[in-house]
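S.K.: Here's a structure for you.
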Amino acid sequence: MTGPGPAAIKKTAQPPVTRLTRSSSSTQSRQSDPTETQESGPGLYGKQRKKQTDSALAQDLSQMSVSGQDSLSTSEGKMSKGSGDSVQAAQSSGSKPDLSSPSVVSAKSSSRGGLASVARLVKLGRCKNVVVVAGAGISTASGIPDFRTPGTGLYANLEKYNIPYPEAIFNIDYFSNDPQPFFSLAKALYPGSHRPNYIHYFIRMLHHKGLLLRMYTQNIDGLEKVCGIPDDKLVEAHGSFATASCHLCYTTYPAEEAKHAIMSDNVPICTFCAATVKPDVVFFGEDLPQKYFLHTKDFPKADLLIIMGTSLQIEPFASLVNTVRSTVPRLLLNRHAVGPFERVPLRRGDHVELGDLEDTVRRFAEMLGWNNEIEELMRSQETQCLPTLISNPPSVTPCQSRGASEPPARLETSRSRPGAQRGASSGSSEETDSETDSKSSASSGLSN
Ligand code: CNA
């Protein structure tokens, strides 16, 4: 690894709640990212971003505390997760936290019977507003590498992209300077060549049973939609390839044309300002889609939180798991204990099931009596035509760029970038949850 390139050095500090960052608790990875430790004077654009960030931070934190959530430290204006959460859990249970205890050991010992306990709760009809939080680990069974798994993760295989540090590939300033590393990766990640797996269909089955309040995914592979989870049940918190826009002025660009250009090793160019177009995947330092803020309503309503296949390293997403009510059961399904599940004692109602995710989810489905239905659903879905993942905006409209004569149509929250408004307007889901795709209720569906 060499030092950061010029674009990375220009990067300003970026600790927003509403922008994609890596977890503040991950000291080791923070140190490895030069963009987060170097200060430099931002240009005009940088100043605008910083101002929005500060107000976004205040607003988001106030929303969190108004909803009475636990485990979200606001001291010194910083998010806390990981050990902070464990300490709080320990304090609330009256015992002393063991901060030196190896996470895997503690998690394993606490996981016995956890899956069965949660299955029992579901069967008893106690979980009717299930929130699922997911990451790249749900798609490795579909052949898509995650970020951090040693050996196979994307971060272990980035030399070929000729970048100074792994996160540069998702750094907006780096992209601005040199889009090729991301475009090379995008060619491999573009939806189309991978199929959803059992885990995706398990989540679809939660919806089918009328139990899914919302799925929050960090994934950009679009497999949730391919397996049939409806748009209004899904928050793609880190964006997707389904739409594209100028990375600078946010003018929309036909996603299919962007894909065609990228797949042909060309650079799609904004028709308005001639900057580079990129798929609307959220990069470090960029705003999350407006739909992400459904979390302020969903998490307080949740009666079961299932966390699967994520290292909980990317903020603000990672801290979502701390915003369900303290009495709500949380089930972590992963290869390793992560986030607040890393240390003992676990919060009362926390369950951890470590191991291969697909195996675990199959066992869970069997306990619930859903396995046959899921397999049947997979068979029927796989024989149907695939839904189109790329939606072409009706027209390419001028953006709300700094140079545009029209003032930008901003949302009420200062966190949103114009590009995010498109997601917000399509995300009327806040008030209009879809019907489930089955008439079966949780209890009737569980009787078999
Ligand atoms: P990550 O940091 O790579 O973590 C993945 C987690 O899943 C790790 O804890 C793994 O141990 C675990 N895991 C992986 N495979 C399995 C398995 N078979 N069984 C059990 N556990 C498993 O990825 P995160 O999702 O936490 O990080 C968020 C990033 C990843 C987002 O910004 C995504 O855009 C990005 N990403 C997405 C994809 C995708 O869309 N499929 C692929 C790679 C990266």
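Backbone N, Cα and C atoms are what each Cβ position is placed from, and that goes for glycine too.
Below, the features straight out of TrEMBL:
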REGION    1-109  region 'Disordered'
COMPBIAS  21-32  compositional bias 'Low complexity'
COMPBIAS  54-91  compositional bias 'Polar residues'
COMPBIAS  92-109  compositional bias 'Low complexity'
DOMAIN    108-371  domain 'Deacetylase sirtuin-type'
ACT_SITE  His238  active site, proton acceptor
BINDING   Cys246, Cys249, Cys270, Cys273  Zn(2+) binding site
COMPBIAS  388-403  compositional bias 'Polar residues'
REGION    388-448  region 'Disordered'
COMPBIAS  439-448  compositional bias 'Low complexity'
S.K.: Calculate the distance in Å between the alpha carbons (Cα) of Cys270 (Zn(2+) binding site) and His238 (active site, proton acceptor), and round it to a whole number.
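M.R.: Cys270 (Zn(2+) binding site) to His238 (active site, proton acceptor), Cα-Cα distance: 22 Å.
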S.K.: Less than 6 Å between Cβ and the nearest atom of ligand 1 is the rule; apply it to the recorded positions His238, Cys246, Cys249, Cys270, Cys273.
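M.R.: His238, in sequence order.
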S.K.: Which number gives the other C-beta atoms within 10 angstroms of the C-beta of Cys249 (Zn(2+) binding site), all protein chains shown included?
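M.R.: A 10 Å sphere around the Cβ of Cys249 (Zn(2+) binding site) contains 21 other Cβ atoms.
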S.K.: What is the pLDDT of the domain 'Deacetylase sirtuin-type' (108-371) when averaged and given as a whole number?
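M.R.: So the average pLDDT across the domain 'Deacetylase sirtuin-type' (108-371) works out to 93.
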S.K.: I need the CA-to-CA distance for Cys273 (Zn(2+) binding site) versus the residue listed as 'active site, proton acceptor', whole Å please.
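M.R.: For Cys273 (Zn(2+) binding site) versus the residue listed as 'active site, proton acceptor', the Cα atoms are 25 Å apart.
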S.K.: State the Cα to Cα distance, in Å, between Cys246 (Zn(2+) binding site) and His238 (active site, proton acceptor), rounded to an integer.
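M.R.: Computed Cα spacing between Cys246 (Zn(2+) binding site) and His238 (active site, proton acceptor) is 17 Å.
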S.K.: Where does Cys246 (Zn(2+) binding site) sit by DSSP, helix, strand or coil?
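M.R.: DSSP assigns Cys246 (Zn(2+) binding site) to strand.
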S.K.: Please report the number of other Cβ atoms within 10 Å of the Cβ of Cys246 (Zn(2+) binding site).
M.R.: 24
S.K.: Which Cβ among the recorded positions (His238, Cys270, Cys273) has the fewest C-beta neighbours inside 10 Å?
M.R.: Cys273
S.K.: For Cys273 (Zn(2+) binding site), just give me the three-state DSSP call.
M.R.: coil
S.K.: Reported as an integer number of Å, what is the Cα distance between Cys249 (Zn(2+) binding site) and His238 (active site, proton acceptor)?
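M.R.: Between the Cα atoms of Cys249 (Zn(2+) binding site) and His238 (active site, proton acceptor), the distance comes to 19 Å.
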